[in-house]
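J.: If you scroll down you'll find the structure; I have some questions about it.
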Amino acid sequence: MGTRRGGPGPTTQNGRVRDVVTAARRVVVKIGSSSLTTATGGLDDERVDALVGTLGALAAEGREVVLVSSGAIAAGLAPLGLSRRPRDLATQQAAASVGQGLLIGRYASAFARHGLTVGQVLLTVDDVTRRAHYRNAYRTLRKLLDLRAVPIVNENDTVATEEIRFGDNDRLAALVAALVHADLLVLLSDVDALWTGDPARPGSSRISEVHDERDLTGVEVGGAGRAGVGTGGMVTKVEAARIATGFGIPVVLTAAPLAAPALAGEPVGTLFHPSRRRPTARLFWLAHATSPRGRLHLDPGAVAAVVDRRKSLLPAGITAVDGAFTAGDPVDLVDAGGAPVARGLVNYDAVELPGLLGRSTTELAAALGPAYEREVVHRDDLVLL
Ligand SMILES: Nc1ncnc2c1ncn2[C@@H]1O[C@H](COP(=O)(O)OP(=O)(O)O)[C@@H](O)[C@H]1O
Ligand SMILES: N[C@@H](CCC(=O)OP(=O)(O)O)C(=O)O
């Protein structure tokens, strides 16, 4: 199967309207910092208004819109007298704290002109991996949509520390699309499509459709464009497209000024086709959104039980434990060679486990009480890697 690649002209390769786009009822749109800010880093009112105009028209058609917007850090720079994106986390968090308020205020007044109310939703990794938080985030987003409000999502930058951050909103957008069961994810950037290589380099050309991994073979995917504004570059967008399409959600990647034609199904930008049917939303997030807090080493019998027979993990099959996790944390299950075979939410604190290893649940219940009959990781909380 070949990739259809466009030449250097306008990005309308075959003139056909994209049905997966026009049929989408619930749409997640992600916009990057570089598409919302001026060259000096402040919020660009015209660009905000243009985006809101397009999304307002979508909502007027009865379609549901979730906006994932970057730009908090960029919007906070000038008010704090900073000229470029700071490197240290604390200053980034301070800038995000100042900028997020400005950003949401700007959106609130722009959407109000289209008769729409916005709801701010700031998420951390825990919100999408811990079962109680996950349900909560889903419920809130669903309720906002039911009430015809536009959820505006960003990472909760002011509290997200280095180790628990998403770090880029492309991945966050893919995970939000999975969370709300979106029909379409649109990634808006400062580049009009995925190109075969750095768009500034002669010889690179646009890619109009990606059907599967093979279409990405040989594509040079680089880092952020405008220095000091965007974060992940094309790498995180392609990764986000992989996550969303792996969840059964088509993705359109294009430039912010092309949002309206892209959402009308015109063949602009790059369309990534879904690669599979939807897996269970929460487990999908567990695999893609979490960083494991520890490792459980399994004997071969436990690997076979978990991987081949899809059983819960019991203490008897665990040979060793690493990490300082507490019950409810994500942990990796690794085989005798240390290779991860599954990820799951553990039911015990790390300090409790050494005393339980190698013992049967019946023996543990008799010695320690019925609470110790529980699985170390329940099969409903396990995803194979
Ligand atoms: N193969 C590629 N195709 C398109 N753009 C690319 C590619 N490789 C690197 N880029 C760069 O990625 C940039 C977009 O990423 P980024 O600046 O992080 O945007 P955003 O702020 O929208 O997230 C583009 O401006 C482009 O210079
Ligand atoms: N949460 C950060 C955005 C991080 C991010 O992914 O930025 P970008 O690459 O511009 O989409 C902020 O609001 O500044």
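Cβ coordinates are placed from backbone N, Cα and C, and glycine is handled just like the others.
Heads up, TrEMBL stuff is auto-annotated, nobody curated it.
Taken from TrEMBL, the feature ATP binding site covers Lys30, Ser189, Asp190, Thr231, Gly232, Gly233, Met234, Val235, Thr236, Lys237. Residues annotated as substrate binding site in TrEMBL: Ser70, Asp157, Asn169. TrEMBL lists 294-373 with the feature domain 'PUA'.
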J.: With DSSP helix as H/G/I and strand as E/B, how many residues of the domain 'PUA' (294-373) fall in helix, strand and coil?
T.: 30 helix, 23 strand, 27 coil
J.: Determine, using Cα-Cα distances only, which of these binding-site residues is closest to Ser70 (substrate binding site): Lys30, Asp190, Met234, Thr236.
T.: Lys30
J.: To the nearest Å, how far is the Cα of Asp157 (substrate binding site) from the Cα of Lys30 (ATP binding site)?
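T.: About 16 Å separate the Cα atoms of these two residues.
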J.: Would you measure the largest Cα separation among Ser70, Asp157, Asn169 for the substrate site and round it to whole Å?
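T.: 11 Å is the greatest Cα spacing among the residues binding substrate.
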J.: What does DSSP call Thr236 (ATP binding site) in the simple three-state scheme?
T.: helix
J.: Could you work out which of the binding-site residues (Ser70, Asn169, Thr236) has its C-beta surrounded by the smallest number of other C-beta atoms within 10 A?
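T.: Selected from the binding-site residues Ser70, Asn169, Thr236 on minimum Cβ neighbours within 10 Å: Thr236.
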J.: Which has the fewest other Cβ atoms within 10 Å: Lys30, Asp157, Asp190, the binding-site residues listed?
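T.: Each of the binding-site residues Lys30, Asp157, Asp190 was scored; lowest Cβ tally within 10 Å is Asp190.
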J.: Measuring Cα to Cα, how many Å separate Thr236 (ATP binding site) from Asn169 (substrate binding site)?
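T.: Counting only the Cα atoms, the answer is 8 Å.
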J.: Could you state the whole-number distance in Å separating the C-alpha atoms of Asn169 (substrate binding site) and Asp190 (ATP binding site)?
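T.: Between the alpha carbons of Asn169 (substrate binding site) and Asp190 (ATP binding site) there are 15 Å.
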J.: Pop the mean pLDDT for the domain 'PUA' (294-373) in here, whole number is fine.
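T.: Reported value for the domain 'PUA' (294-373) is a mean pLDDT of 92.
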J.: Check Asp190 (ATP binding site) against DSSP and tell me helix, strand or coil, would you?
T.: coil
J.: Do any of the binding-site residues Lys30, Asp190, Met234, Thr236 touch ligand 2, in the sense that the CB is under 6 Å from one of its atoms?
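T.: Those binding-site residues that pass the cut-off are none, since no Cβ is under 6 Å from ligand 2.
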J.: On the three-state reduction of DSSP, what should I expect for Lys30 (ATP binding site)?
T.: strand
J.: Filter the binding-site residues Lys30, Asp157, Asn169, Met234, Thr236 down to those with CB closer than 6 A to an atom of ligand 1; keep them in sequence order.
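T.: Passing the 6 Å Cβ check against ligand 1: Met234.
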